[in-house]
Amino acid sequence: MGALQWLSITAAAASAVSALTPEQMIGAPRRTEVIPNPSGDTGLFSTSQWSFDTHSESTWWSLIDLESGETTTLTDDSDIEEIIWLGSDSSTLLYINSTNAQVPGGVELWIADSSDFANYKAASLSAGFLGIKSTVTDSGDVHFILRGKSYPNGTAYNDQLAETYPSTARIYDSIFVRHWDTYLTTASHAVFSGTLQSSTSDDGNVQYTSSGGLTNLVNPVKGAESPFPPFGGNDDYDLSPDGKWVTFKSKAPELPLANNTAAYVYLVPHDGSATAFAVNGPDSPATPEGVEGESNNPVFSPDSDKIAYFQMATNTYESDRNVLYVYSIADDTITPLAKDWDRSPSSVTWVDGDNLVVASQDLGRTRLFAIPGDAGTTSSPRTFTDGGSVSAQYVLSNSTLLVTSSAFWTSWSVYTASPDEGVINTLASANEIDPELSGLSSSDFEEFYFDGNWTTLQGWITYPQDFDSSKKYPLAFLIHGGPEDAWADEWNLKWHSKVFADQGYVVVQPNPTGSTGFGQQLTDAIQLNWTAGAAYDDLTKAWQYVHDTYDFIDTDNGVAAGPSFGAFMITWIQGDDFGRKFKALVSHDGPFIGDAWVETDELWFVEHEFNGTFWQARDAFHNTDPSGPSRVLAYSTPQLVIHSDKDYRIPVANGIGLFNTLQERGVPSRFLNFPDEDHWVTGQENSLVWYQQVLGWINRYSGVGGSNPDAIALEDTVNPVVDLNP
């Protein structure tokens with residue numbers, strides 16, 4: 001275990017960088033949200049950092065003083081999976097050790113003191129578990145819950161001890177076959193509960209030891225699963241503060257998983273003495289009429305009497321508007337709060353027994369909003385934060401919250417705020433700590449507004465290092481995915497606009513029709529409208545606005561790039577006159593052939609977007625097919641195509657098909673493939689190659705490669721290039 005070490009994180013980094021490079025951005029420390037102790041004077045977080053010298057990652061845990069911002073290194077034990085505060089004692093920690101000396105593939109629970117990390121083992125668990133939550137009950141015992149995989153009979157599934165078969169065959173009688181990056185198996189995910197019994201030694205110290213086994217709280221509900229992979233996690237379940245109840249979210253077990261988004265919030269005793277009941281399911285008298293979409297983020301009130309959660313109205317629509325509901329356990333009633341508010345919040349925190357705070361996308365940021373417990377249907381929640389994007393918020397005292405956020409210019413910011421005072425005290429910001437990020441400033445980024453196809457739209461501009469408005473910089477035009485998504489004021493490891501800009505570009509990121517955080521009407525308008533009207537027209541109008549407004553942007557030598565839906569738009573642009581406005585194009589994991597959507601994993605998505613299956617809505621599928629012969633004949637702009645083997649949302653054949661077509665049309669093109677990545681590229685070494693190839697490609701054709709001696713080139717990648725042409 002590492003010794004405690006003091007580090008000031010409020011002083012500015014010693015040296016400034018001339019530009020943000022991919023190596024600096026990827027290799028900078030990555031910190032988690034800060035979790036306060038019960039007294040609210042100390043926070044806990046972890047940090048990981050990749051080294052391109054050793055090609056390895058280091059991880060350590062730290063404490064931060066919530067008055068001064070000073071931090072201490074708590075431990076650098078790489079076997080520790082996660083740590084939480086235990087009970088009302090502000091110095092006791094409970095953590096999961098990722099190894100188990102007695103059970104291969106198992107984990108252990110340990111108790112430690114935050115002052116010196118003196119520790120002892122409290123329990124041995126027979127499988128891999130994550131996401132522990134706990135509370136100390138009136139008896140002094142610890143009730144806890146955690147998540148893991150489960151056999152169909154409800155017992156915990158251990159990957160290392162699971163039965164193997166002579167054949168590798170997979171056999172399916174229903175969909176899903178695969179999801180995101182994984183083929184589904186008979187093992188599912190579940191929330192388990194357990195108890196640590198307390199005892200007091202002769203010297204007065206309290207110790208905790210395992211009491212009994214674990215109880216699977218999800219398995220008794222046939223077909224239920226929680227959390228649901230790949231994006232389900234700790235926010236999908238909660239433990240009541242009194243330790244008596246557990247709530248969890250599960251997709252509707254009676255509906256086909258690949259075709260539906262409907263999900264319910266369940267309530268179950270911690271000891272599993274009764275089967276979990278869906279409080280807003282079809283059998284509940286409390287279920288609001290006409291509300292049939294996905295539920296998420298169930299959270300108990302401080303008095304354990306209520307559950308706050310979000311739910312969408314429409315089944316099959318993953319980007320419908322979240323509405324905040326409160327379920328009363330005693331009354332078996334559900335009450336909506338601020339039901340008509342035109343935002344879609346994503347996380348909720350109880351400030352006290354009645355009042356709540358939610359985080360929601362709002363005009364290209366994620367802000368905090370206060371919602372009183374008696375908020376009526378037409379109530380308009382009030383925001384009390386501004387720039388950046390909140391990732392976590394915890395109540396300290398007197399309605400003060402500890403907030404973790406990020407922004408374009410900082411990967412991690414920690415501050416206190418309250419609904420009455422707004423931001424109170426900034427404790428830490430990564431760009432003032434990390435040498436890799438020093439020199440980044442909010443002044444490098446600004447928003448702009450332009451007239452789109454049918455409404456005023458927002459976008460972002462990122463300036464290069466040492467920007468001079470008297471000079472001209474090639475345009476880098478980035479199109480976001482989704483399409484129900486948005487470019488936001490947040491740290492983006494996959495598409496960081498400043499990394500693009502510091503090659504010598506002015507980066508423009510428009511938020512067209514379909515974008516989120518600007519009202520539900522803008523989001524909903526993308527349905528059946530990918531190319532025939534608003535969304536595509538919005539992008540051309542954004543380009544024209546930039547061309548007409550900013551003398552320092554060189555649109556003659558511009559480039560365009562985008563992921564997923566953005567990649568679809570890139571290829572659609574390739575087949576249109578608009579494609580000739582750009583010197584180079586980059587498409588990452590985009591669809592190419594319209595009918596190939598039948599291969600996707602989440603069928604609910606495409607069947608909602610195009611209003612039917614591919615045989616019911618043939619015109620909609622064909623009208624958004626960039627591989628149509630007339631479009632292919634127009635292909636001429638150099639294009640980099642990126643697609644990875646484990647992308648089951650938009651399978652890799654789409655990328656190979658596009659590359660084949662470009663090659664046969666004689667268009668300068670390259671195919672970049674990662675066999676171990678999915679719809680996103682997240683591995684650090686792979687991410688570096690991704691940036692090298694993307695930036696090298698656009699630099700070659702925009703002229704930046706010739707004007708900037710430090711510009712990245714395609715040849716910077718050490719991997720060999722396969723070229724079988726004679």
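The backbone N, Cα and C atoms fix where each Cβ goes, and this holds for glycine too.
Per Swiss-Prot, these features apply:
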SIGNAL    1-19  signal peptide
CARBOHYD  ASN97  N-linked glycosylation site
CARBOHYD  ASN153  N-linked glycosylation site
CARBOHYD  ASN259  N-linked glycosylation site
CARBOHYD  ASN398  N-linked glycosylation site
CARBOHYD  ASN453  N-linked glycosylation site
CARBOHYD  ASN529  N-linked glycosylation site
ACT_SITE  SER564  active site, charge relay system
CARBOHYD  ASN611  N-linked glycosylation site
ACT_SITE  ASP647  active site, charge relay system
ACT_SITE  HIS679  active site, charge relay system
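Where Swiss-Prot records a feature, it is marked here on the structure.
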residue: ASN97; record: N-linked glycosylation site; Cβ within 10 Å: 20
residue: ASN153; record: N-linked glycosylation site; Cβ within 10 Å: 7
residue: ASN259; record: N-linked glycosylation site; Cβ within 10 Å: 16
residue: ASN398; record: N-linked glycosylation site; Cβ within 10 Å: 10
residue: ASN453; record: N-linked glycosylation site; Cβ within 10 Å: 18
residue: ASN529; record: N-linked glycosylation site; Cβ within 10 Å: 19
residue: SER564; record: active site, charge relay system; Cβ within 10 Å: 23
residue: ASN611; record: N-linked glycosylation site; Cβ within 10 Å: 11
residue: ASP647; record: active site, charge relay system; Cβ within 10 Å: 23
residue: HIS679; record: active site, charge relay system; Cβ within 10 Å: 21
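For ASN97 (N-linked glycosylation site), the nearest of the recorded positions ASN259, ASN398, ASN529, ASN611, HIS679 in terms of C-alpha separation is HIS679. Within 10 Å of ASP647 (active site, charge relay system), counting CA to CA, the recorded positions ASN153, ASN259, ASN398, ASN453, ASN611, HIS679 contribute HIS679.
Within the set of recorded positions ASN153, ASN529, SER564, the entry lying nearest in space to ASN398 (N-linked glycosylation site) is SER564 (CA atoms). Relative to HIS679 (active site, charge relay system), the recorded positions with Cα atoms inside 10 Å are SER564, the candidates having been ASN453, SER564, ASN611. Note on proximity: among ASN259, ASN453, SER564, the recorded positions of the record, the Cα nearest ASN529 (N-linked glycosylation site) is that of ASN453.
The Cα of ASN153 (N-linked glycosylation site) lies closest to that of ASN259, out of the recorded positions ASN259, ASN453, SER564, ASN611.
Across the structure, ASN259 (N-linked glycosylation site) and ASN453 (N-linked glycosylation site) are spaced 32 Å apart at their Cα atoms. You'll find the Cα of ASN453 (N-linked glycosylation site) roughly 22 Å from the Cα of ASN611 (N-linked glycosylation site). Each residue contributes its Cα atom, and for ASN611 (N-linked glycosylation site) and SER564 (active site, charge relay system) these two points are 20 Å apart.
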